[in-house]
Structures are given as structure tokens and as C-alpha cells.
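Reading through the C-alpha cells given below for one structure.
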Amino acid sequence: TLGNFWQTAWLEFYDHMEGDEWTIFLIGAALVPALAFWGFNGILLVADITGKPTFITRYRIQLGKNDPVDRKKLWKAIYTALGNQFFVSFPMLVPMFYIMKWWENTFSKELPTFQWFLVELSIFTVVEEILFYYTHRLVHHPVLYKHIHKKHHEWTAPIGVVSIYAHPIEHIVSNTLPVMTGPMIMGSHIVSVSAWFSIALVTTSISHCGYHLPLLPSPEFHDFHHLKFNQCYGVLGVLDFLHGTDKMFRQSKAFERHKVLLSLTPLSESIPEPPKKEE
């Protein structure tokens, strides 16, 4: 029944757009993911700026950081994020559009089954993990780090919007291409592309948000990367384990906290950092 509902809704939307594939593609691949990103980050920004609601701020990972956030630094991050979206991500959708048209499936009137979407989602995730891990390690090379990746690491205690606060070259190579490549390989339907882009943007925002909130994926892994720089380069952590780039993380309290929080007690309270040794 739910499948019939979405199929009917898609056909109504398709007819309303009069089959205009470019407009449909822009709405699905640009507008919907952007709304998901800024809608989610809008809530986080209220907490970052005002310190309220305390329900959110009490789950801060790096205690005492961004409390409140530096507004000058914040506006710089927001302007850069918007610039990357409008002048980097959106133009990259043009060649992607023609690649997707070549597959002759992206704008099909028949939606993919939910089971097939789950298969695609699994493939997208694996492709992103591989491409992001190695491109991320690449921009940590001293030559590239100084001129490119250092910008992103200005935030040792990140917030959600910092997920796309990066040099334009990094945003192309390490942020956007790893997410775009899976759908282009699979020739996915625009609905699948839209859902995947939205999930990817919200997930990376959670990884950077600085709060370990109940029921959401743990951001401890990537937060530790911003804190230590040379640990936890990937998304899932599989390649970090294989390459040994998570050894310090696995010996930390952050690793013990790296799980979905199923209670209302902040993990920073139930699994606190050990007291610092007095000099």
C-alpha cells in the first residue's frame, strides 16, 4: 500500500512538471537535499548560537567548546558552505544530469522497489567509503594540507555546517564526487538520488555537529578526527581499521562512547574523560 502511495505521488509530480527532466533533476538532486541540510543544521545552529535548548547542548562532545560558538567564525563557515553549494556542487550536477540521461532510467515513470533502493544504498555507501577515505588521506598530505585541507581543520571542535566548510578543490574531490559516483555508476532513479544525497548531507552534518544526541548515529569517530587530525579518515571506519588509522581512537574514551545513545543520560557523563594529570 505504501509503495502504491509513493508511485502515485511520483506520477502526479511527474505530470505536474510535464516531464521536464531538467527541472525534476534540479528539484530532486539540488533543492530537496539542500532543504534537508539547512533544515537540520538550522536546528543545530540555534543551539550553537544561543546555548538553548539545553536538551541539545548538554550532549556536547567537546565540553566547553563552542559554548557559545564564535559568531564571526560561524558566519565565515556559513558563507563558505553556501558558496560551495551554489558555485561547486550545483554546477557539478550539469554533467551528472547528462550521464544519468544516458542510462535512460533516472526519469522512469516506474519507481524502483524499496528492496532495490536498499541494494543501491549499500553500494552507494561502499563507494563513498572507498573514495572518501583515500581522497581524505590524500588532502592530509603535507603539500596539500597546507594549501587545501587546513581550511576545514580550522574547526578542531566542529559544528554541523562545517561538514561542507572546505576549500573548493576539496569540496569537489573529497565531499561531492564520493557521493555522486555511486548513483552515476548505477544509473539510479532520481528519487533514489534525491534520498541518497539528503541522507549523505544529514549524516555528514551529524558527524560534524559536535553533539552526541540520543538515537542518532554516533559522531564520536569524526569528531575525534578533528581533535587529533591523523586518526579516523573514513566514514564507516572499515578502511581505518584495515590501515590502522584508528589505533589511537580505539584506545580512547571516545571509542567507548562510539555507539548509538539509547538513554537520556549524555555519554560524556556516563563515560567521562579521565582527569588530566597535574604537571
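From the backbone N, Cα and C atoms, a Cβ is placed for every residue, glycine too.
Per-residue confidence over the domain 'Fatty acid hydroxylase' (123-245) averages 96 (mean pLDDT, predicted model). What TrEMBL lists as domain 'Fatty acid hydroxylase' is 123-245.
Annotation source TrEMBL lists transmembrane segment at 22-47 (among others).
Taken from TrEMBL, the feature transmembrane segment applies to 77-99 (among others).
Same-chain residues lying 6 or more positions outside the transmembrane segment (114-134) and placing a CB less than 8 Å from one of its CB atoms are 3, 174, 177-179, 181-183, 185-186, 188, 192, 195-196, 199-200, 233-236, 238-240. Annotated transmembrane segment per TrEMBL: 114-134 (among others), in sequence order.
Among residues of the same chain six or more beyond the transmembrane segment (77-99), those with a C-beta under 8 A of the stretch's C-beta atoms are 21-22, 25-26, 29-30, 34, 151, 155, 159, 161-166, 168, 171-172, 175-177, 180, 183-184.
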